[in-house]
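Straight from TrEMBL, the features:
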type     : residues                                           : note
DOMAIN   : B:47-234                                           : domain 'Dihydroorotase catalytic'
BINDING  : B:56, B:58, B:150, B:303                           : Zn(2+) 1 binding site
BINDING  : B:58, B:59, B:60, B:90, B:276, B:307, B:321, B:322 : substrate binding site
BINDING  : B:150, B:177, B:230                                : Zn(2+) 2 binding site
ACT_SITE : B:303                                              : active site
């Protein structure tokens with residue numbers, strides 16, 4: 001998989017390139033590839049060579065991240081751990097506040113998750129509520145031996161006692177800032193950007 | 001009895017003048033009309049019309065005094081500019097005997113706000129099976145001249161023929177509610193595109209037209225007078241036009257709501273728009289307006305039909321059909337812009353008075369004429385607020401609408417029933 | 001009446017579901033897509049989702065319809081809503097409490113959604129004026145049954161892979177059928193071509209202004225369709241001279257084995273149930289592999305879950 005956008009993203013690291021006043025690229029395409037490689041290595045270390053491992057991405061961007069991690073593990077170890085998707089929409093505790101969202105796809109490997117080491121994968125760890133919803137969803141789907149969490153970015157501001165086992169990059173943020181993760185699969189290019197909420201974010 | 005001097009009124013749209021009202025009649029008309037001690041009413045800019053006459057009013061008393069009484073309905077009528085109303089027979093008990101019609105007539109006299117002329121039922125209990133005692137009602141104190149089973153059609157052709165013939169003896173007229181009942185079983189709404197879409201059983205135009213055609217032929221055959229209630233379709237207008245051309249003694253009325261509203265109102269399923277016959281289409285509305293202007297349709301009649309809240313705040317098909325009309329009729333007719341002041345006087349006063357045989361009504365204010373008249377401010381507008389209507393019921397289809405024309409005063413036999421836009425009692 | 005607001009932010013439907021016409025193509029597709037995801041979840045061991053925990057769904061049924069009530073009840077319970085079943089016997093105002101008074105009671109109970117089945121067309125529209133919660137039309141008189149149309153569309157899409165461009169014949173008593181009305185509207189919205197087939201007495205006046213074709217000749221229509229849907233025909237209609245006899249009806253409009261052979265290879269046979277076997281559909285047709293009648297029932301739960309989720313999921 002090529003990451004052609006990395007050069008462009010580096011170029012547009014300043015505000016002028018995107019027209020947004022307070023956007024700053026904090027992880028470019030090449031950084032992101034290195035981060036994924038590192039997490040893949042860490043998973044191998046901490047899960048006894050990723051045996052009985054299932055990588056479950058949380059939609060939207062956790063899903064391609066889980067697949068990339070699986071692909072890197074295959075590159076390093078020669079076997080492809082199963083990867084899937086775990087949609088948590090129906091388990092969210094903020095539906096009343098944010099409105100009914102389109103339900104995403106849940107896609108479990110055929111062997112299921114019972115007795116497996118499940119690694120949840122998401123792009124950004126923030127309040128921890130998404131992960132809580134994922135843990136609830138997981139318990140309705142089976143009984144893993146162990147559950148771990150891998151995130152590309154930890155931006156702080158936790159509202160629940162949840163921590164990640166694998167963190168690509170810690171980015172301390174203010175609450176008025178937004179962390180925008182872009183992935184080639186979903187957004188056409190790879191980068192992580194810190195945006196001022198007024199200036200850039202949706 | 002107070003003497004009134006109405007200053008500066010335009011009689012049926014003519015040049016402004018003064019009217020002196022004394023001892024129940026118009027005593028003088030003209031700039032020299034004056035009398036010492038007369039109460040002066042400033043009618044500058046107002047139109048004086050002969051008091052309106054409604055051929056078709058439901059006053060609900062006796063039986064449903066929660067929906068309307070003779071008193072409350074009379075008040076509504078006076079506020080609408082009416083000086084005479086014909087009270088329909090479908091009360092409980094039905095007005096099918098001299099006793100009931102006299103009771104209604106006396107209640108009207110006691111209320112004293114409008115001349116209440118009871119309509120007698122054609123058949124006993126409106127059941128359409130045998131004739132009620134039409135002669136007894138005609139010779140009662142109520143002096144009934146119009147007979148109608150309104151709400152029900154006299155659908156048996158033989159019975160209809162007999163009724164038409166029988167009332168000739170006392171110059172009566174049968175007012176037919178034209179609805180072939182076999183074609184309207186369960187009917188809820190004009191049969192058309194909308195009834196099909198809304199899943200409401202259709203009320204086809206032909207059910208009205210077939211009865212009008214049949215009854216016109218019957219009336220012609222026996223040489224009787226026939227009146228058609230609440231004509232609602234373009235086809236009916238055509239049939240009546242043809243019957244008149246053929247010399248048949250047929251008259252017809254149209255309601256204000258059929259001159260303004262269409263079945264599209266039913267889309268909300270709000271039963272305030274449920275009425276019988278149902279609201280029709282734009283084509284029908286246009287034909288009714290043209291027929292009225294032309295005189296094919298002789299009169300505007302309100303079909304004022306008060307209903308208690310629980311009979312309207314419910315599912316469409318369980319709701320009773322009918323709409324309030326007395327207080328809004330003149331404004332609705334004005335809003336259609338299809339009649340001049342003379343046309344309004346003709347269709348809402350003179351002709352209906354003639355049909356009902358009311359000699360004291362329907363006469364333009366002139367010296368010696370009974371002082372039954374109303375003063376209208378043509379420049380005023382008002383917004384219909386159901387709770388502010390004088391009727392005990394609230395089922396007006398015009399809620400929230402801004403309408404032209406406001407009745408400022410009404411006189412019944414020389415006494416004011418409305419002054420400054422308010423009922424005098 | 002606009003009952004459903006589209007909001008790009010929320011990407012969903014809000015308010016009420018009174019008519020299939022309330023759904024535009026995007027909203028209808030969202031319901032079907034959501035139902036598909038929910039259907040996938042129904043295979044797992046724990047079927048229940050916590051999504052609507054603490055919400056109250058009232059099934060207000062003025063007509064007996066065990067299958068529809070159970071379908072909505074199962075849908076609401078799988079989303080962890082509290083379900084109150086409120087059956088009202090007798091349907092005239094003279095008997096018992098008025099719809100408005102019942103509505104005020106439900107309002108006071110804090111119903112988040114009211115699923116209403118009623119013999120009077122438009123009753124859900126009236127109810128929607130009197131309660132704050134979402135009103136879902138589960139069949140009103142001879143008007144509409146939008147969730148039935150959604151589950152039918154779902155069934156067609158899952159069997160045939162698409163809706164756009166499908167040719168669908170709906171056969172029988174269209175005049176009195178709420179299923180036909182909702183299907184005609186929804187399928188048209190989703191790009192299918194609908195032909196209503198029946199004797200002229202059972203096609204509504206004004207049907208020519210609907211976005212459908214009509215035909216009196218079932219045999220001429222069958223070779224061209226992807227879906228044929230038989231509507232329930234009540235025998236009482238015979239007494240009212242809509243058609244002369246059950247036998248003549250079955251002969252002219254019943255789906256039997258001979259007619260099944262006229263269908264294209266891939267075409268499916270649908271029926272909203274309950275069936276009059278031998279009248280509008282022959283037993284061997286109802287039980288044939290082309291029949292989706294059992295699937296329709298299963299899909300009903302997923303579709304109703306999707307509707308409840310999308311209406312209630314975001315309600316504050």
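Each residue's number is its place along the chain shown, starting with 1.
A Cβ is built for glycine as well, from the same backbone N, Cα and C atoms used for every other residue.
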Least crowded of the binding-site residues B:90, B:276, counting other Cβ atoms within 10 Å of each Cβ, is B:276
Within the chain of residue B:177 (Zn(2+) 2 binding site), which residues six or more apart in sequence place their C-beta under 8 angstroms from its C-beta? B:148, B:149, B:150, B:151, B:152, B:153, B:154, B:229, B:230
Quick check for you: of the binding-site residues B:90, B:276, B:321, which have their Cα within 10 Å of the Cα of residue B:58 (Zn(2+) 1 binding site)? B:90
Reduced to three states, what secondary structure does DSSP give residue B:56 (Zn(2+) 1 binding site)? strand
Coarse DSSP state, helix versus strand versus coil, of residue B:307 (substrate binding site): coil
CB contacts under 8 angstroms to residue B:59 (substrate binding site), restricted to the same chain and 6+ apart in sequence, sorted by sequence, are B:68, B:69, B:70, B:73, B:74, B:85, B:87, B:88, B:91, B:104, B:116
Using the alpha carbons only, what distance in Å do you get between residue B:303 (Zn(2+) 1 binding site) and residue B:321 (substrate binding site) once rounded? 11
For the binding-site residues listed here, B:321, B:322, which shows the highest count of neighbouring CB atoms within 10 A? B:322
For substrate, with binding residues B:58, B:59, B:60, B:90, B:276, B:307, B:321, B:322 per the record, max Cα distance (Å, no decimals) returned as 17
From the Cα of residue B:90 (substrate binding site) across to the Cα of residue B:56 (Zn(2+) 1 binding site), what is the distance in angstrom? 11
Taking the Cβ of each of the binding-site residues and counting other Cβ atoms inside 10 Å, which one has the highest number: B:150, B:303? B:303
Non-local Cβ contacts of residue B:60 (substrate binding site) (under 8 Å, 6 or more apart, same chain)? B:67, B:68, B:69, B:73, B:91, B:306
DSSP three-state assignment (helix, strand or coil) for residue B:177 (Zn(2+) 2 binding site): coil
So, in DSSP terms, is residue B:90 (substrate binding site) helix, strand, or coil? coil
Return the residues near residue B:307 (substrate binding site) by Cβ distance under 8 Å, restricted to its own chain and a separation of at least 6 in sequence. B:67, B:319, B:320, B:322, B:393, B:395
To test your reading of the Zn(2+) 2 site: which residues beyond B:150, B:177, B:230, same chain only, put their Cβ within 8 Å of the Cβ centroid of those residues? B:56, B:88, B:148, B:151, B:175, B:176, B:178, B:179, B:229, B:276, B:277, B:303
